[in-house]
Amino acid sequence: MPVPELLVLFGSQTGTAQDQAERLGREARRRRLGCRVQALDSYAVANLIREPLVIFVCATTGQGDPPDNMKNHISQMHKVVLRLKALVHPLFNFVAKKLHRRLLQLGGSALLPPCLGDDQHELGPDAAIDPWLEALWEKVLGLYPVPLDLPVIPPGIPLPSKFIFQFLQEAPSTGSGELSITSSAPQGPASELQPFLAPMVANERVTGLQHFQDVRLIEFDITGSGISFAAGDVVLIQPSNSAAHTKQFCQVLGLDPNQYFVLQPREPGVPCPPGLPQPCSVRHLVSQYLDIASVPRRSFFELLACLSPHELEREKLLEFSSARGQEELYEYCNRPRRTILEVLCDFPNTAGAIPADYLLDLIPQIRPRAFSIASSLLAHPTRLQILVAVVQYQTRLKEPRRGLCSSWLASLDPQQAGPVRVPLWVRSGGLVFPETPGTPVIMVGPGTGVAPFRAAIQERVAQGQTENFLFFGCRLRDQDFYWQPEWQKLEERGCLTLVTAFSREQEQKVYVQHRLRELGALVWELLNLRGAFFYLAGNAKYMPTDVAEALISVFQEYGGLSNSDAAAYLASLQRTLRFQTETWA
């Protein structure tokens with residue numbers, strides 16, 4: 001009896017779910033099982049009914065939203081759902097739970113109970129997934145036994161690479177795909193596969209020099225791009241590795257950055273990565289594609305151990321990739337946020353022996369970063385502005401940890417000779433503002449969370465909407481009070497009611513949730529009597545919970561509701577989209 005082919009479909013936003021899906025694919029191939037691994041968006045849903053076994057790996061993003069590459073509905077099938085919760089909030093796993101229920105409604109039968117992997121667990125999702133996978137393979141091989149003459153490929157033996165690197169003897173002509181990808185003239189709507197190379201026209205630090213964080217207001221010229229956006233939308237930016245890191249990576253692996261190559265898939269029907277031109281230089285691959293500044297996952301160490309010719313390094317890599325070695329891996333890698341490049345420098349004998357063919361199997365692709373758009377086309381018709389907090393912090397490692405995209409953007413100088421261009425495109429965001437004239441809007445945006453509300457206020461003021469209520473919080477008014485002159489002018493015009501909370505200007509810290517309680521009568525009137533919409537944006541750690549508790553307190557004190565009725569009222573605002581949030585970790 002022929003062994004059926006497994007299908008693994010993933011919906012992934014940050015790469016965790018994709019990494020687990022690819023792990024499933026590798027483990028299936030080691031057991032001599034055919035396996036396809038695809039993003040949900042790339043699969044024709046109508047074919048699902050013909051699949052004997054489908055494994056779903058699903059992440060939840062934002063406030064219970066599906067990842068960008070997961071939006072198809074599900075048909076009838078046998079299935080297993082592997083769930084990954086990526087954020088700690090009341091709607092975590094919402095997408096996977098909804099998918100699971102829908103599959104059961106459509107007649108799907110579960111081989112195993114769903115697995116709940118927690119990305120916030122100190123040992124990562126593997127803490128739950130490892131034992132679940134053992135049960136999965138026992139079940140699958142019981143249903144579809146592999147012929148005895150096909151033994152399992154042991155973990156220490158590397159599987160074939162997905163692609164073969166064919167290095168060229170000479171550099172290609174100037175008409176190569178790599179050069180054409182840098183064109184700023186759009187051939188269609190800007191997208192991930194064809195971003196618009198927007199000239200950066202301003203890069204201004206907007207926090208005081210004494211402030212602990214460098215925050216930039218960055219402006220791009222989008223003239224001729226065809227890009228359109230509304231308040232609440234986000235811009236995605238594709239960052240690059242620094243020239244220093246690119247050079248160091250090539251040196252450690254013994255690669256010539258000026259050499260060109262073309263990719264050839266090992267298996268028929270496998271497409272080449274759409275983000276890589278053909279032919280491509282090693283420098284372009286490393287600087288623009290390989291995420292060498294990311295913290296490596298367990299799968300990285302598994303493959304690196306297979307490729308290592310050095311006995312002592314291989315032994316340590318095997319330990320890091322084993323189930324029993326996850327605590328030590330966490331202490332070595334995750335806790336100090338050690339990067340792929342730094343790990344390769346720690347294992348120089350292994351790094352120098354990595355075949356180029358395995359680079360795309362070993363190192364993930366650089367993912368775009370999303371930023372709330374902080375301007376309106378009605379106020380700035382050919383401009384797009386963002387507010388960027390430059391990520392930098394210290395761990396026990398000597399070098400500070402730096403955010404790849406924010407540090408790269410901060411390093412760009414639009415005043416230098418020649419244009420500075422940044423690849424970007426726009427997509428709809430999680431905030432949608434009311435179109436009905438006269439509808440009041442309450443916006444709570446501490447810190448850089450105020451960015452989408454600046455776009456909304458500019459847009460609404462241009463449309464003649466004056467019922468704008470902004471609760472803004474920061475540490476000190478002379479250090480991080482973003483757009484203070486602009487807010488004051490709008491207040492003078494009667495277009496904005498601004499409520500501020502400067503947390504460090506008095507002995508007792510004051511935050512936006514305290515101001516909401518102080519103005520509870522106004523908040524209740526706006527929401528209950530005037531149909532206001534309430535928006536919240538900012539850091540997801542404590543603030544959203546604190547604001548929700550403040551609102552429930554307001555509903556009790558000024559609306560006369562019981563605690564349960566106040567919570568139900570807040571839930572009804574969420575269901576009707578009159579309470580919307582956009583938060584990030």
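The backbone N, Cα and C atoms fix where each Cβ goes, glycine too.
Whatever TrEMBL says is automated annotation, not expert-curated.
Under the heading FMN binding site, TrEMBL lists SER12, GLN13, THR14, GLY15, THR16, ALA17, ALA59, THR60, THR61, GLY62, ASP119.
Neighbour density for ALA370 (FAD binding site): within 10 A of its CB lie 16 other CB atoms from the protein chains shown. Summarising the annotation, TrEMBL assigns FAD binding site to ARG337, ARG369, ALA370, PHE371, SER372, GLY403, LEU404, CYS405, SER406, TRP584.
The NADP(+) binding site annotation in TrEMBL covers THR448, SER503, ARG504, LYS509, VAL510, TYR511, VAL512, GLN513, ASP546. Within 10 Å of the Cβ of VAL512 (NADP(+) binding site) there are 25 other Cβ atoms, across all protein chains.
Per TrEMBL, the feature domain 'Flavodoxin-like' maps to 6-137.
Positions annotated as domain 'FAD-binding FR-type' by TrEMBL: 193-434.
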Top Cα neighbour of ALA59 (FMN binding site) in the set of binding-site residues ARG337, ALA370, LEU404: ALA370
Cβ neighbours of THR448 (NADP(+) binding site) where a neighbour is any other Cβ within 10 Å: 24
Whole-number Å value for how far ASP546 (NADP(+) binding site) lies from SER406 (FAD binding site) (Cα to Cα): 28
Largest separation between Cα atoms (Å) of residues that the record links to FAD, namely ARG337, ARG369, ALA370, PHE371, SER372, GLY403, LEU404, CYS405, SER406, TRP584: 26
